[in-house]
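Asks: Handing you this structure, nothing more for now.
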Amino acid sequence: MDKHLLVKRTLGCVCAATLMGAALATHHDSLNTVKAEEKTVQTGKTDQQVGAKLVQEIREGKRGPLYAGYFRTWHDRASTGIDGKQQHPENTMAEVPKEVDILFVFHDHTASDSPFWSELKDSYVHKLHQQGTALVQTIGVNELNGRTGLSKDYPDTPEGNKALAAAIVKAFVTDRGVDGLDIDIEHEFTNKRTPEEDARALNVFKEIAQLIGKNGSDKSKLLIMDTTLSVENNPIFKGIAEDLDYLLRQYYGSQGGEAEVDTINSDWNQYQNYIDASQFMIGFSFFEESASKGNLWFDVNEYDPNNPEKGKDIEGTRAKKYAEWQPSTGGLKAGIFSYAIDRDGVAHVPSTYKNRTSTNLQRHEVDNISHTDYTVSRKLKTLMTEDKRYDVIDQKDIPDPALREQIIQQVGQYKGDLERYNKTLVLTGDKIQNLKGLEKLSKLQKLELRQLSNVKEITPELLPESMKKDAELVMVGMTGLEKLNLSGLNRQTLDGIDVNSITHLTSFDISHNSLDLSEKSEDRKLLMTLMEQVSNHQKITVKNTAFENQKPKGYYPQTYDTKEGHYDVDNAEHDILTDFVFGTVTKRNTFIGDEEAFAIYKEGAVDGRQYVSKDYTYEAFRKDYKGYKVHLTASNLGETVTSKVTATTDETYLVDVSDGEKVVHHMKLNIGSGAIMMENLAKGAKVIGTSGDFEQAKKIFDGEKSDRFFTWGQTNWIAFDLGEINLAKEWRLFNAETNTEIKTDSSLNVAKGRLQILKDTTIDLEKMDIKNRKEYLSNDENWTDVAQMDDAKAIFNSKLSNVLSRYWRFCVDGGASSYYPQYTELQILGQRLSNDVANTLKD
């Protein structure tokens, strides 16, 4: 989607000839420049009580799907600018219809001493309250973070932030007589907020939440956030979500996909981890006069010269799509909102104007300000209220009144909530007698039935469809349960079912599931307890104790027994996966190694009845190891990826088996008598001299092939110290093309080189000054060749004749081409020895 979410921009009033040709388009951040009004106003007690009742009804969902709108104060006829002049006489907040549940006071271009403010608190609040509309003041987040307004007058300390929060609530809520506070948080395209500013804003937000909102001391006020930001980009939201009444997400313009709601769907997957669907509102924008490119959303119908009323039609609009959209999980959304509701009914400028700019504005007649009757808002509210998904859950849905009450409390009150709820439902108490209606919660993830002593029957028909997938079932204290039928629910265990409490059980059916009822499994014990409970009331029969036809699901084992394997030296090829890493386990961790073992497992029986389905096959049960990989490290640290080894000589391998993503098994494999595992003696070696770059030279001893050493010439040498005398048996050079970070051509490989040790083993290099040491190390006369390299292969490997040395040098004598050669790592392989042992071996 190639557009910026420049949402909720406000357009300055277009005043007479001076501003006629230009759009004063400002970001929603214009809120941040508005100072709170200092004058205190007493709101009548009646209005306070009415407002409190409205807030309670809204918060409890008694108003149905909500419709809210942002009214731009400078478009109210009472508003005047700093010059004292009226700006737009066409509209007034007083005419906002009852279909608007929440009206946001979105102020800008309105002077602090404008008559608008007295009209708001003395007239508009009362009038709108009487029709059932709550009013909420909107401010920008910069009012909280120290950038603008009151926040500039308070220090960023716990005490300062607490005082600032109180001042904000007083100035913007109490003194204006409104019903809550809305804080706008958007992306900053210039002068971006810092993490420190966001941290302060969050601290102040939390202090505000102590004062107002659902968790505040004054619960008669709403606390709302509106934003353009997704969850991952909004740390303030994540920190305050639990205190919000509503989250209003601005989705102005297309959101992708055929239905233009792809982004909304994606965002909701994250939002539902923090808020309920009943707190989530999505918003569109009416067309703002003189809007230019970047602020043209096309959320309402475009101007049609043949249909003057086109702007009042909602058919085919994005606004209607938003009204109809619902989350697929969690529940029904709270509702929708509109920005610039004072432009309701005005058609959008045609798409042919989509590239117009504020500096060269191509005007259209829809840019003119006109009176609105809020037709679109009325239609959208009606559309939502007539949506059958918002019908209240009744006795037809859930006959048992006690069950219905608990479901409404936890899931929501609307029919559409039932099929979307995807969390945990906990049912408790002896008032519930009938579970009919539970099946409607098709996406329920966990069901807890606790102390339902008057529920006598549980059957698959009464349980959610999700029980056939992976939903969890908990049953505790079901003392009155007589019939338990969990047949065909794909249950893999009976975990969560307190079978000891089902003391009145007369029959059960757990057949046609995926249970492991083998002798040592936990589910076998639970089965025997169930049978005992039935036997306390009647004789056990096939009809009253069904458990047959199980098809346990197979899993890869979490661990494998073999920690050290062995092959004889027989010159034969062996497969490590086949011999040491194999088998399948049930959910209860019963291990079945092969088809023969599975056949034996199938013969298992309880009370003479075979519990595994006769048509269940080993192929359907077993796990396939085809995607598994085996990484072998030989005694000389040579590495290969293969599950097959040929036992031709004594050798030892360290074996790592991975499932393609992670290592699942580690073992040691000996062939014949095995071999001593060597070490890379050069890993972490100290570079003591080089003809090249000293810092770069350290890279060849860091154990990583993601970096490389540049020789910067056809010849080069590096001298290094192993720290002590060691026994070296092999050496290995990883050439340029082994680089794991940057694809490197083999033409950059080293082709010729020499590995050397210091002749004089008694010399103390530490006592030399830097100049003398470099001269000494660079002199070929002081070194003895112990190996030569004459091949430009990717990994050059060669044996050494049990070389004893502490100080080594590697000389590059030529590359594979005219390019300067490179290499990534140098290894000296062998065993570490104490100085005493090394000296003894040398003698």
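Cβ coordinates come from backbone N, Cα and C, glycine included.
I grabbed these lines from Swiss-Prot:
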BINDING   Arg72, Trp74, His88, His107, Asp108, His109, Asp184, Gln250, Tyr252, Glu288, Glu289, Asn295, Tyr339  glycoprotein binding site
BINDING   Lys699, Asp702, Glu704, Asp707, Thr824, Glu825  Ca(2+) binding site
DOMAIN    65-372  domain 'GH18'
REGION    678-832  region 'carbohydrate-binding module (CBM)'
REPEAT    333-356  repeat 'LRR 1'
REPEAT    418-441  repeat 'LRR 2'
REPEAT    442-465  repeat 'LRR 3'
REPEAT    478-501  repeat 'LRR 4'
REPEAT    502-525  repeat 'LRR 5'
SIGNAL    1-36  signal peptide
Asks: Restricting to the same chain and to residues at least six past its boundaries, which positions have a Cβ under 8 Å from a Cβ of the repeat 'LRR 2' (418-441)?
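Replies: Same-chain residues near the repeat 'LRR 2' (418-441) but 6 or more away: 277, 326-332, 393, 397-400, 402-404, 406-407, 410-412, 447-456, 458, 461-466.
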Asks: Please work out the helix, strand and coil residue numbers for the repeat 'LRR 4' (478-501) from the DSSP assignment.
Replies: 3 helix, 4 strand, 17 coil
Asks: Rounded to a whole number, what is the top Cα to Cα distance in Å among the residues the record ties to glycoprotein, namely Arg72, Trp74, His88, His107, Asp108, His109, Asp184, Gln250, Tyr252, Glu288, Glu289, Asn295, Tyr339?
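Replies: Those residues reach a largest Cα separation of 26 Å.
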Asks: Where Thr824 (Ca(2+) binding site) and Tyr339 (glycoprotein binding site) are concerned, what is their Cα separation in Å, rounded?
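Replies: Rounded to a whole number, the Cα-Cα distance is 60 Å.
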Asks: So what sits near Lys699 (Ca(2+) binding site) in its own chain, CB-to-CB under 8 Å and at least six residues off in sequence?
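Replies: When sequence neighbours closer than 6 are ignored, Lys699 (Ca(2+) binding site) has Asp707, Arg708, Phe709, Thr824 within Cβ distance under 8 Å.
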Asks: Could you measure between Asp184 (glycoprotein binding site) and Glu704 (Ca(2+) binding site) for me? Cα positions, answer in whole angstrom.
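Replies: Between the Cα atoms of Asp184 (glycoprotein binding site) and Glu704 (Ca(2+) binding site), the distance comes to 48 Å.
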Asks: So, by DSSP, how many helix, strand and coil residues make up the repeat 'LRR 2' (418-441)?
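Replies: Summed by class, the stretch gives 6 helix, 5 strand, 13 coil.
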Asks: Who are the chain neighbours of the repeat 'LRR 4' (478-501) in space, where the CB to CB distance is under 8 Å and they lie at least 6 residues beyond its ends?
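Replies: For the repeat 'LRR 4' (478-501), the far contacts come to 449, 451-460, 463, 467-469, 472, 507-516, 522-523, 526-527, 529-530, 533, 546, 552-553, 587-588.
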Asks: Can you name every residue in this chain, apart from Lys699, Asp702, Glu704, Asp707, Thr824, Glu825, with its Cβ inside 8 Å of the center of the Cβ atoms of the recorded Ca(2+) site?
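Replies: Here the non-site neighbours turn out to be Ile700, Phe701, Gly703, Lys705, Ser706, Arg708, Phe709.
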Asks: Just to verify: the residue among Tyr252, Tyr339 with the fewest other Cβ atoms within 10 Å, which of the binding-site residues is it?
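Replies: Across Tyr252, Tyr339, these binding-site residues, the one with fewest Cβ atoms within 10 Å is Tyr252.
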Asks: His88 (glycoprotein binding site): which of the binding-site residues Asp702, Glu704, Glu825 is the nearest Cα neighbour?
Replies: Glu704
Asks: List only the single closest residue to Glu289 (glycoprotein binding site), chosen from the binding-site residues Asp702, Glu704, Glu825 by CA-CA distance.
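Replies: In terms of Cα distance, Glu289 (glycoprotein binding site) lies closest to Glu704.
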Asks: Let me know how many other Cβ atoms fall within 10 Å of the Cβ of Asp184 (glycoprotein binding site).
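Replies: Excluding its own Cβ, Asp184 (glycoprotein binding site) sees 27 Cβ atoms within 10 Å.
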